[in-house]
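First comes the structure, then the notes that go with it.
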Amino acid sequence: MTQDKILILDFGSQVTQLIARRVREAHVYCELHSFDMPLDEIKAFNPKGIILSGGPNSVYESDYQADTGIFDLGIPILGICYGMQFMAHHLGGEVQPGNQREFGYAQVKTIDSELTRGIQDDTPNTLDVWMSHGDKVSKLPTGFTVIGDTPSCPIAMMENAEKQFYGIQFHPEVTHTKQGRALLNRFVLDICGAQPGWTMPNYIEEAVAKIREQVGSDEVILGLSGGVDSSVAAALIHRAIGDQLTCVFVDHGLLRLNEGKMVMDMFARNLGVKVIHVDAEGQFMAKLAGVTDPEKKRKIIGAEFIEVFDAEEKKLTNAKWLAQGTIYPDVIESAGAKTKKAHAIKSHHNVGGLPENMKLKLLEPLRDLFKDEVRELGVALGLPREMVYRHPFPGPGLGVRILGEVKKEYADLLRQADDIFIQELRNTTDENGTSWYDLTSQAFAVFLPVKSVGVMGDGRTYDYVVALRAVITSDFMTAHWAELPYSLLGRVSNRIINEVKGINRVVYDVSGKPPATIEWE
């Protein structure tokens with residue numbers, strides 16, 4: 001690869017991948033590697049600059065140290081949160097526990113510097129930022145000056161202008177920091193001098209070559225769910241190896257309404273991809289009977305998928321690889337980032353739900369891409385825009401949208417309710433004519449295994465409850481609940497209650513992420 005590159009050393013922050021996303025938004029190629037990446041590998045990577053991520057640990061813990069030789073490479077370095085503390089500690093400054101943790105919004109007063117010049121928010125020389133730290137730099141290393149402070153953090157930003165070393169105690173990668181993108185662009189484009197040459201067509205060329213090299217003449221099986229991730233993965237792999245790819249479409253009884261027909265029409269008939277359609281509803285439902293724990297459900301669904309693939313593998317002479325549409329947010333939510341130092345939230349079906357004795361090797365061509373990049377890739381590969389920009393759908397399907405035990409009755413009710421919700425979102429527009437489906441990033445219905453009392457006509461009902469969930473997000477790492485019009489919510493509720501026999505109450509989820517996750521399980 002001849003284009004300019006930025007290296008991100010990951011110390012285990014839950015939002016480290018957002019740094020990579022922001023850098024790529026500037027069309028500069030970057031890679032995220034573990035903080036303990038050997039110095040000779042860093043030199044071989046030949047980055048234009050290095051970004052040190054945040055992390056949950058202390059600089060005084062010996063297990064969380066990068067090679068300090070990075071400070072002798074003669075290239076710009078930006079330390080974020082823990083990365084700033086690591087920089088200060090190893091260059092002769094001091095880091096101490098703060099008297100109080102600083103978490104959330106803060107206003108930083110800035111001093112003119114190469115990093116901050118011309119970047120400000122509503123008032124001169126101030127930045128509205130997002131803090132999340134306990135320790136802080138208490139004494140500057142030699143050669144550094146303060147370029148930003150808050151009342152509780154006198155050294156919130158620091159620089160060594162001569163060496164082009166910068167430290168910031170807040171997180172520019174999250175959307176809560178208003179000028180975060182501008183600060184990162186200043187570092188990457190201006191200070192590091194990286195040229196913006198990374199695009200999806202370039203990525204396709206590199207990814208295709210990598211898949212061909214990795215797979216060789218082996219055959220590959222991919223579980224095609226109809227979701228964006230698996231669909232784009234299928235198109236990319238098919239571009240690379242053609243008929244060596246066989247997609248297995250598993251109907252586990254937990255798909256959206258008419259999902260099976262849509263998938264077969266698109267891939268088998270229109271794109272010429274080999275697709276095996278497996279009806280495994282009975283197998284999955286039997287295994288899930290009586291199981292209420294969401295982690296167990298995820299692992300059961302993952303294990304059953306492998307059983308299905310094993311059965312199909314026996315029919316394919318050279319099948320060696322299982323392809324998946326795993327993307328960055330899947331990995332970070334499972335604490336599966338390359339450092340494995342992030343604090344775990346929950347397992348993901350593409351990461352933690354696979355049995356250790358899986359017989360196939362894993363092929364994950366989208367593992368380093370964010371959702372918006374996956375969509376951009378899908379369009380570049382020629383997939384229909386309406387498919388590529390379809391809302392995300394989890395691999396376990398409705399299995400993680402039915403709280404508690406999964407039953408066919410529940411799945412049938414939820415399918416109908418969810419379809420009504422999506423129909424109304426597509427058919428309702430804002431004042432600019434944009435549908436609420438396009439205005440929201442993800443929307444779906446959740447089945448609650450509780451009954452409530454209702455009245456229909458002259459009779460009393462005692463039926464189930466569904467919750468509606470709609471969020472707006474740029475990265476799926478954080479999300480805000482969508483403020484849907486009351487009239488839209490009213491129509492959805494009326495239709496579900498009147499058209500879906502067995503549901504008599506509809507509620508709307510107004511939780512953000514954090515503290516909630518987007519999916520309920």
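Note: Cβ is positioned from N, Cα and C throughout, glycine not excepted.
Database features, via Swiss-Prot:
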- 5-197: domain 'Glutamine amidotransferase type-1' (DOMAIN)
- Cys81: active site, nucleophile (ACT_SITE)
- His171: active site (ACT_SITE)
- Glu173: active site (ACT_SITE)
- 198-390: domain 'GMPS ATP-PPase' (DOMAIN)
- Ser225, Gly226, Gly227, Val228, Asp229, Ser230, Ser231: ATP binding site (BINDING)
Recorded positions compared (Cys81, Val228) - highest count of Cβ atoms within 10 Å: Cys81
Per-region confidence, the domain 'GMPS ATP-PPase' (198-390) (mean pLDDT, whole number): 84
When distances run from the Cα of Gly226 (ATP binding site) to each of the active-site residues Cys81, His171, Glu173, the nearest one: Glu173
Nearest-integer angstrom distance between the alpha carbons (Cα) of Asp229 (ATP binding site) and Glu173 (active site): 24
Count of other CB atoms lying within 10 Å of the CB belonging to Gly227 (ATP binding site): 22
Most Cβ neighbours inside 10 Å, all chains, among the recorded positions Glu173, Gly226, Asp229: Glu173
Of the binding-site residues listed as Ser225, Gly227, Val228, Ser230, the one whose CA lies nearest the CA of His171 (active site): Val228
Long-range Cβ environment of Ser225 (ATP binding site), under 8 Å and at least 6 residues apart: Phe249, Val250, Leu255, Val263, Gly325, Phe393, Gly395, Gly397
Least Cβ-crowded entry, counting other Cβ within 10 Å, from the binding-site residues listed as Ser230, Ser231: Ser230
Pairwise Cα distance for Val228 (ATP binding site)/the residue listed as 'active site, nucleophile' [Å, integer]: 34
Check: same-chain CB within 8 A of ATP site center, minus Ser225, Gly226, Gly227, Val228, Asp229, Ser230, Ser231: Leu224, Val232, Ala233, Gly325, Phe393
